[in-house]
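Straight from TrEMBL, the features:
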- A:Glu337: active site, proton acceptor (ACT_SITE)
- A:His338: active site, proton acceptor (ACT_SITE)
- A:Tyr138, A:Gln200, A:Asn223: NAD(+) binding site (BINDING)
- A:Ser248, A:Gln270, A:His273, A:His338, A:Asp371, A:Glu425, A:His430: substrate binding site (BINDING)
- A:Gln270, A:His273, A:Asp371, A:His430: Zn(2+) binding site (BINDING)
Protein chains: 2
Amino acid sequence: MSVRVQAGGRPWNRLEWTALDEPARRRALTRPVQVVAETTRQAVAGVLETVRARGDEALRELTARFDRVELERFEVDTAEFAAAEAAVGAELRRAMAEAAARIEAFHRAGMGRDYAVETAPGVVCERIVRPVPRVGLYVPAGSAPLPSTALMLCVPARLAGCREVVLCTPPRADGTADPAVLVAARLAGVGRVFKLGGAQAIAALAFGTASVPKVDKIFGPGNSYVDEAKRQVAQSGAAAIDMPAGPSEVLVIADAGADPAFVAADLLSQAEHGPDSQVLLLTDSAVLLDRVEAELEAQLSALPRADIAARALSASRLVLVESLEQAFAISNAYAPEHLILALREPRAWLDRVEAAGSVFLGDWTPEALGDYCSGTNHVLPTSGAARAWSGVSVASFQNFVSVQAASREGIAAIGPCAVTLARAERLNAHANAVALRLRRAGA
Amino acid sequence: MSVRVQAGGRPWNRLEWTALDEPARRRALTRPVQVVAETTRQAVAGVLETVRARGDEALRELTARFDRVELERFEVDTAEFAAAEAAVGAELRRAMAEAAARIEAFHRAGMGRDYAVETAPGVVCERIVRPVPRVGLYVPAGSAPLPSTALMLCVPARLAGCREVVLCTPPRADGTADPAVLVAARLAGVGRVFKLGGAQAIAALAFGTASVPKVDKIFGPGNSYVDEAKRQVAQSGAAAIDMPAGPSEVLVIADAGADPAFVAADLLSQAEHGPDSQVLLLTDSAVLLDRVEAELEAQLSALPRADIAARALSASRLVLVESLEQAFAISNAYAPEHLILALREPRAWLDRVEAAGSVFLGDWTPEALGDYCSGTNHVLPTSGAARAWSGVSVASFQNFVSVQAASREGIAAIGPCAVTLARAERLNAHANAVALRLRRAGA
């Protein structure tokens with residue numbers, strides 16, 4: 001990247017938008033390189049084929065190789081659930097229950113619902129909602145276990161009423177699953193958990209094995225192997241997926257009145273996810289930008305995961321823009337996963353948001369609230385996918401089936417239209433199926 | 001396929017479900033072979049790469065090769081639209097307008113809408129709806145042009161309010177587009193049409209060229225090259241797609257009271273789509289089955305496209321089941337694109353439908369009504385995809401963005417929960433971003 005590097009060895013990049021030419025602007029909005037290496041693609045294809053062909057035996061071998069643990073049985077049993085319940089403290093348990101309740105309240109209100117319209121006399125068209133029958137949820141445990149992700153996936157799956165809900169999460173070194181993930185799953189009503197990680201977990205869910213049930217759709221974030229495995233099973237038609245997944249990212253639009261400490265804290269909280277996290281700040285105030293830089297330096301040095309955050313910040317951009325209008329145009333072109341509006345009148349600007357995963361309004365709404373417990377989902381489109389994908393919702397776990405019912409009167413009303421169109425498309429059997437009934441109906 | 005072949009050279013297969021063992025049942029529900037040949041995959045990858053690298057010049061070469069027509073310019077101009085308006089007769093035009101009005105009425109009622117929930121005192125979570133900014137619609141013209149597909153894609157795209165709507169359809173031998181497709185597009189408010197077909201059309205939409213705008217999401221059915229191209233651009237992240245596409249299919253569940261002529265006409269209207277169409281009849285009445293066979297013979301011989309329909313019927317199954325309950329279990333396992341309930345009390349059985357694209361209730365609702373003008377969409381999931389995909393709707397053209405706003409009171413109420421969860425996940429910067437505000441808010 002040929003972006004200007006800060007003097008003084010600061011790990012982030014400060015840019016002035018109006019000073020950039022078109023190619024430099026394009027570079028400034030380019031995500032950290034995410035091209036899947038051919039070796040990753042082939043390794044994942046190999047794992048998928050191995051699990052498809054040899055099932056549980058292959059899962060045992062791959063788990064030994066990648067997770068460095070020998071497992072005879074993958075499914076978490078009653079004893080392990082009981083141990084997890086005992087291991088998780090009351091405060092964490094309470095926080096998970098509280099978060100689950102708000103996630104449920106928000107998601108329940110947005111569930112897909114049936115509706116019906118009489119489109120012509122005697123013709124009723126309906127949409128009926130059905131749960132996706134069998135779903136698989138993937139809860140990663142990369143640098144830290146993520147019980148919050150278990151809540152974000154299990155709660156809407158249960159609300160949708162999916163017949164079979166199966167969760168996979170990588171085993172720890174001792175062969176157990178993270179206790180908080182297990183408690184979160186149970187809190188949300190999911191009782192089948194398999195200790196499987198990586199591409200082999202996705203393969204097991206897509207194809208099924210003797211011990212792992214095959215599912216219709218796979219949900220959840222993951223590293224580049226998990227993402228590549230999801231893309232491959234989706235392409236082959238083995239299972240549908242919630243969305244492509246990439247590194248997490250935030251874009252903050254801040255005005256002169258924003259609190260620089262808050263802004264810096266939000267940028268860092270995104271950056272600590274991993275070295276490939278992407279962090280952007282757009283502001284029309286050079287003074288605020290200076291003050292955010294000072295805050296970043298101060299806060300960065302105090303973080304336990306400062307090394308990761310500093311590496312993530314190296315791909316970040318702090319951008320001085322001419323106006324907030326320009327900031328929104330840039331944001332819409334970038335289509336961020338998380339969009340923080342650190343503005344004095346954030347709601348007044350909301351209409352300008354064209355593409356984003358989740359939006360955070362004002363100084364008192366850090367991204368971390370949405371990550372955990374405001375009620376919205378944190379499984380969101382990354383890498384610009386927000387232009388055509390939405391975050392996980394109950395609808396992600398539902399199918400929408402159309403239904404039509406015509407009476408004799410109904411086919412008399414609309415049948416001639418169908419016959420005309422069928423003949424124009426030279427589909428004579430279509431025309432016949434209608435014309436035959438029109439004759440019988442005496443129309 | 002080792003299914004029993006009928007005596008007398010009838011091209012379909014009559015089976016008795018209870019007489020089949022498990023492997024035979026599985027074979028009976030297997031779609032006509034749809035494995036994409038490695039040669040198809042590579043040919044499509046080659047086309048995509050060529051268009052990505054060389055744009056319009058590549059489109060000209062590929063159109064000359066595959067469509068056998070030399071085009072300097074792909075976009076339909078004002079003169080061609082005017083000629084199309086003049087060429088389409090009043091009856092067809094009226095039928096298209098009538099169909100468009102009903103499609104609009106049904107789709108409008110099902111549009112995604114904003115909602116808001118106060119999940120805690122001072123915490124408001126919302127879902128706001130945004131159109132997918134740029135969409136590409138593909139209207140095939142295989143054995144016949146399909147103006148109805150143009151309506152099915154253009155109407156919901158316009159209802160969603162997509163900023164840029166572009167339609168591609170293959171050029172005819174004389175270099176023009178099908179006039180009915182052009183009139184349908186204009187009726188539905190879509191004015192940018194490009195004469196491009198096959199994988200090269202999908203490539204142009206996914207990557208953009210000097211003359212064809214890049215889009216965010218691609219919609220519409222197509223042959224195996226179009227489907228493979230859509231899957232490849234979706235996997236690479238170049239564009240999202242509506243759904244995987246496969247050959248059309250129908251499953252009819254009929255009881256003893258069904259009209260054998262109607263049932264036979266519906267099976268044939270599906271079969272005429274193409275030799276790889278799939279047709280299934282499930283009935284608990286051997287008498288009805290005999291009578292449907294007799295009707296099939298009589299109607300088949302009268303069809304202009306009898307050769308195609310006969311070939312499609314060769315992969316079809318007429319299945320005698322023990323009970324209607326068994327029929328619904330089989331149907332749910334198969335997850336048909338179209339499901340016709342030729343039953344005396346069709347609505348009473350609707351609750352049993354777990355997975356299907358679109359359902360047709362009773363004797364007076366042939367599939368052809370939904371194909372053209374009942375109001376529902378005919379772009380539907382095939383090949384069992386109905387287990388995890390839904391047909392095209394306005395929501396297919398919409399993004400759902402979550403929004404949250406916390407006040408000082410709000411972060412005081414839910415911030416401690418977020419801090420507890422962030423610490424449990426060892427994401428300290430997340431905890432800091434909240435804790436910092438809690439201190440400032442005096443909570």
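Yeah, the Cβs are placed from backbone N, Cα and C, and that goes for glycine too.
Curation plays no part in TrEMBL annotations; they are all automatic predictions.
Worth saying up front: this structure is predicted, and the values here are computed from it rather than measured.
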Extent of the NAD(+) binding site in Å [max Cα distance among A:Tyr138, A:Gln200, A:Asn223]: 13
Sites among the recorded positions A:Glu337, A:Asp371, A:Glu425 close to chain B [C-beta, under 8 Å]: A:Asp371, A:Glu425
Which of A:Gln200, A:Asn223, A:Ser248, A:Gln270, all binding-site residues, has a Cβ with the fewest other Cβ atoms inside 10 Å: A:Asn223
CB contacts for A:His430 (substrate binding site) [other CB atoms within 10 A, all chains]: 29
A:Ser248 (substrate binding site): secondary structure state under DSSP, collapsed to three categories: coil
C-alpha spacing of A:Glu337 (active site, proton acceptor) relative to A:Ser248 (substrate binding site), in angstrom: 7
Cα-nearest neighbour of A:His430 (substrate binding site) within the listed recorded positions, A:Tyr138, A:Asn223, A:His338: A:Tyr138
Recorded positions listed as A:His273, A:Glu337, A:His338, A:Asp371, A:Glu425, least Cβ neighbours within 10 Å: A:Glu425
Spatial separation of A:Gln200 (NAD(+) binding site) from A:Asp371 (substrate binding site) - C-alpha basis, Å: 27
Residues close to NAD(+) site centre defined by A:Tyr138, A:Gln200, A:Asn223, Cβ within 8 Å: A:Pro140, A:Cys168, A:Pro170, A:Leu196, A:Gly197, A:Gly198, A:Ala199, A:Ala201, A:Ile202, A:Gly222, A:Tyr225, A:Val226, A:Ala229
A:Glu337 (active site, proton acceptor) - helix vs strand vs coil (DSSP): coil
Among the substrate-binding set A:Ser248, A:Gln270, A:His273, A:His338, A:Asp371, A:Glu425, A:His430, as the record gives it, the longest Cα-Cα distance in Å: 56
Recorded positions clustered about A:Gln270 (substrate binding site) [Cα within 10 Å; pool: A:Tyr138, A:Gln200, A:Glu337, A:His338]: A:His338
Collapsed DSSP category at A:Tyr138 (NAD(+) binding site): strand
Distance from A:Gln200 (NAD(+) binding site) back to A:Glu337 (active site, proton acceptor), taken between C-alpha atoms, in Å: 27
